[in-house]
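**Student:** This structure is in structure tokens; I'll ask about it shortly.
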Amino acid sequence: MAFPPVDEQMTVLRRGAEEIVPEDELAEKLRTSRETDTPLTVKLGCDPSRPDLHLGHTVVLRKLRQFQDFGHRAVLIVGDFTGMIGDPSGRSKTRPQLTLEETREHGQSYYEQATRVLDPNKTEIRYNSEWLDEMRFSDVIELAAQQTVAQMLKRDDFNERYEAGQPISLHEFLYPLAQARDSVHIEADVELGGTDQRFNLLLARRLQEANDQAAQVCMMLPLLEGTDGSDKMSKSLDNAIGIAEAPEDMYGKTMSVPDDLIYRYVELVTDIPTEQLPKVKQFAESNPRAAKAQLARRIVEMYHGEEAADRAEEHFEQTVVEGGVPDDLPEYTPTPEDGAEVGLLNLMRHADLTDSNSEGRRMIEQGAVTIDEEKVTDTGRYIDVAEEAPFVLQVGKRRFARIRPPENGTDV
């Protein structure tokens, strides 16, 4: 295929990038690619320890999609082998290790969600156990000899743990080396990653050169802040917008993003043309409420379609802006297995209002749970559904369910 002009590719690829090392090499690789009609091999490694993707993950996925759209080879490497080690990047302590079966299962889930952003027909998926599992101990020694302990301790997270007297296991030193080995195996021309992966990506450049390969270009993308506006987006911090979440939740959570992050979200997680960004920035500063509503709608459309965006927008206006209860409430009827009295934590989970009992407990403690608009304060509350239903159970501002009494009355 005919590749677009280099300047055109660079304009798109620079968008949102925190750092390109080195940028002139990327332009040269693109130029050579165009002259020889040979696509670049662009690598993105994914950590399968947490398979639920959120908008923060899409920052780097969207960059890989841009390379795809230009005609380059996109290789998504699932770290099923390195996942058994656990990525120590940004960690203050050793991560728990997973089994190969767990990393494979998570990796498949990651791929299925990632192809909501990537073109599945143009995405090559590889598992690094293909080559790392076959290494002999002598190969591991040879790989480890490529890096010194002093060099490893230049990593901020390792150095901080070392200075604080926190343990660093030897297997953690092998993680960046194994990740770098992935680049050697597929002969990557470009590797993408978050800014927290800078050390690992640059290490791969050195390892490629030691193996008589052309060094990859490293493109670092920023870590997107979550809905709290301070910490990076993370499901564990309860500030994430999942790409598989219900449209209403996705819309509502986007509307809770601080005003000063509207433009950053537009730039990093939407496909609004680059030339329109200055106008978007001006609009976000002058009318943040309207700009955020447009952003929320666009994000929902990207993952769920226009009709879902219409419903999510209407749901938000009715429940949050007007403070009402939506007309089309989902309903839940307890089953005999729930028992005569149902624990509220279980009821919220079974009605798909929370993902876990711990989340439900936290929401009650925050005063975010009501029954027929009456706030609930007791995390251990049990409900006689046959006597008290029907009622509207609300969790947070956007999650509702109408609880119906069991069909067989009090015989639950």
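Backbone N, Cα and C define each Cβ position, glycine as well.
Worth saying up front: this structure is predicted, and the values here are computed from it rather than measured.
Feature table excerpt (Swiss-Prot):
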MOTIF     48-57  motif ''HIGH' region'
MOTIF     232-236  motif ''KMSKS' region'
BINDING   Lys235  ATP binding site
DOMAIN    342-405  domain 'S4 RNA-binding'
**Student:** In the same chain, which residue numbers or ranges, 6 or more beyond the ends of the motif ''KMSKS' region' (232-236), come under 8 angstroms Cβ to Cβ?
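**Tutor:** The answer is 50, 52, 54-56, 223-226, 242.
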**Student:** How many neighbouring Cβ atoms, not counting its own, are there within 10 Å of the Cβ of Lys235 (ATP binding site)?
**Tutor:** 16
**Student:** Please list the DSSP helix, strand and coil residue counts for the motif ''HIGH' region' (48-57).
**Tutor:** 3 helix, 1 strand, 6 coil
**Student:** For the motif ''HIGH' region' (48-57), report the average pLDDT of the model, please.
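**Tutor:** For the motif ''HIGH' region' (48-57), the model's average pLDDT rounds to 85.
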**Student:** List the helix, strand and coil residue totals of the motif ''KMSKS' region' (232-236) as derived from DSSP.
**Tutor:** 2 helix, 1 strand, 2 coil
